[in-house]
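A.B. asks: Structure incoming, see below.
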């Protein structure tokens, strides 16, 4: 009986692991959607800018400058912008691969598996709910400060103060109704939302330009060199803490990826809008924070209304009204961005069966998931009613950083994962056959099955194959995840691994080691700085292992065919993004992590009690093969298989069974192996 129980338990656990690791099967036509594809690049760029430029610039800037970084807030915004740019590049590549709603959730489902996709999707839901609530709270606080705190005083007179430490000082009914009002406005449709967002974002950017011009006109360089304080009064630790907080200001760019299912041409619009909006916002934040800290000393900044008070102290009272207008517009667009992205994430997860099916319904008239929008607005409004801005912002950062980390890891995994050998890939009509019954010549540059690590002669490949030919595409797909010729010395260690497995394992090890390094830096920086022998040895060993993981990944062939936008310098940029995101997560407080695990525990109940049993993937195969074999991946989005009419179908198995064409000094013709001659 014990043996039978072990067998049953082993079977159950094996089936559970299979379900948790299954990947999303993409439809043949990636452009088909019940949502309305009506957004152009300009609309999406302004959506990203509007989502990022809001409470961050009008509320967060004063808080970080006064309490965390001082004038060095400029460095904090630069660091936060660079870390965000690393993640944004990864989002941009995935946006061209998978033009679907759901952002990081869909990307993780395609590349890593269902369980981690649910974790990311669940955290994105939290991120956008908290984002909408925090901006509504900031919107309310800003308006209240302009009115002389009338709203807060009247509310506390009626309801009294809430003395619970985890809650806000008083319930914010104005923020509650703001959330509900904007949720109702979004129900009009995505095109109307984009139009409103574009107008408000234009006003906001104009106000930012006014702040920068006037700020530098009244600037005093002495404010960056105060006695006994200088440019970095809180040290480099304050700069890092400020960067972790300023990171909140950049979280909106993932709403660009979420809009991929409503973009007319996602392969162009998503990467262009992502990079452009992030660059504009980073430059704007740096210039505004520099102007603010140059106008007045950082210790005189009012965190609640930094910019209006700064101009008031300089006697420019008329500018206060312009700044207040820009602040209202900016926070409105940020709130719209969060409430825009949240229903679409719920829709994506429900469409896959991981959330309740009612969330997957789209209104046929407005082409908007109205039920999702209603629930999103109500939940965000309740959070804004009960919690203050500081707790909402810190709690939101952890889910965002985790999503960015997994997206960066997913880029590496997909670049080095080969497609399934059973999948069929359409080639052009003039592509030669590869098997004996086709009667054609051996495929030049194809992979020899006995070649160590799946490597090929790189010199013969580059000299005999046109990089733009379908044959070259098939060879690159076949080589993905196999050792490069110059790294054959790694064969004794990695030679027995299936293609792509070693790279995936190295990515996992890199993430674990990054956590170890960041925690050690947080807890034993003084020992390392003072040159303690054990600290130097420990860090040296950990860094060596990190570098070894990157070397193992880069030792393999990539598959970049069909990508209209590619992250440069893979795996180095995604690996740096992973490390930076983990470093910022380490700086978050213990209570933030505790709240995060409580939210995650609720999500695990939803997944294991409902999602894993109702997932529409079932026992389907992996999705990367379909992703790379669709005509969209090879020819560009919107193309169909008829564009390859008359083409022959050549399986990857046949390519791998081909022989490598080799060149000698006296013979430039492909050599046909003896066994091929015998077969023919």
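Using N, Cα and C of the backbone, Cβ positions are placed for all residues, glycine too.
Per TrEMBL, the feature domain 'Cationic amino acid transporter C-terminal' maps to 565-615. Under the heading transmembrane segment, TrEMBL lists 41-60, 104-125, 173-192, 199-219, 231-251, 318-342, 370-389, 395-414, 501-521, 533-555, 567-586, 592-610 (among others).
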A.B. asks: Which one, 104-125, 370-389, 533-555, has the most C-beta pairs under 8 Å toward the transmembrane segment (395-414)?
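C.D. replies: Top-ranked stretch among 104-125, 370-389, 533-555: 104-125.
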A.B. asks: What stretch, picked from 41-60, 199-219, 318-342, 533-555, 592-610, has the most CB pairs under 8 A with the transmembrane segment (231-251)?
C.D. replies: 41-60
A.B. asks: Give the residue counts of the domain 'Cationic amino acid transporter C-terminal' (565-615) per reduced DSSP state, in the order helix, strand, coil.
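C.D. replies: Looking at the domain 'Cationic amino acid transporter C-terminal' (565-615) with DSSP, the answer is 40 helix, 0 strand, 11 coil.
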A.B. asks: For the transmembrane segment (370-389), which recorded stretch in the set 41-60, 104-125, 173-192, 501-521 gives the largest number of Cβ pairs separated by under 8 Å?
C.D. replies: 173-192
A.B. asks: Which sequence positions outside the transmembrane segment (104-125), separated from its termini by at least 6 residues, show Cβ-Cβ distances below 8 Å to it?
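C.D. replies: Here the qualifying positions are 19-24, 26, 91, 94, 97-98, 254, 257, 341-342, 345-346, 348-349, 352, 354, 398-400, 402-404, 406-407, 409-410, 413-414, 417, 599-600, 603, 606-607, 611-612, 615, 617, 623-624, 627.
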A.B. asks: Could you give the residue numbers and ranges of same-chain residues that sit at least 6 residues beyond the transmembrane segment (318-342) on either side and whose C-beta is under 8 angstroms from one of its C-beta atoms?
C.D. replies: 47-48, 50-58, 103, 124-125, 128-129, 131-132, 135-136, 138-139, 142-143, 146, 178-179, 182-183, 185-186, 190, 193, 196-197, 200-201, 203-204, 206-208, 210-211, 214, 252, 254-255, 258-259, 307-308, 311-312, 372-373, 376-377, 380
A.B. asks: Are there residues at least 6 beyond the ends of the transmembrane segment (41-60) whose Cβ is under 8 Å from a Cβ of it, and what are they?
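C.D. replies: Hits for the transmembrane segment (41-60): 134-135, 138-139, 141-142, 194, 197-198, 200-202, 204-205, 208, 245-246, 248-253, 255-256, 259, 263, 265, 268-270, 272-274, 276-278, 280-281, 284-285, 288, 303-304, 306-307, 323, 326-327, 330-338, 340-341, 389, 393.
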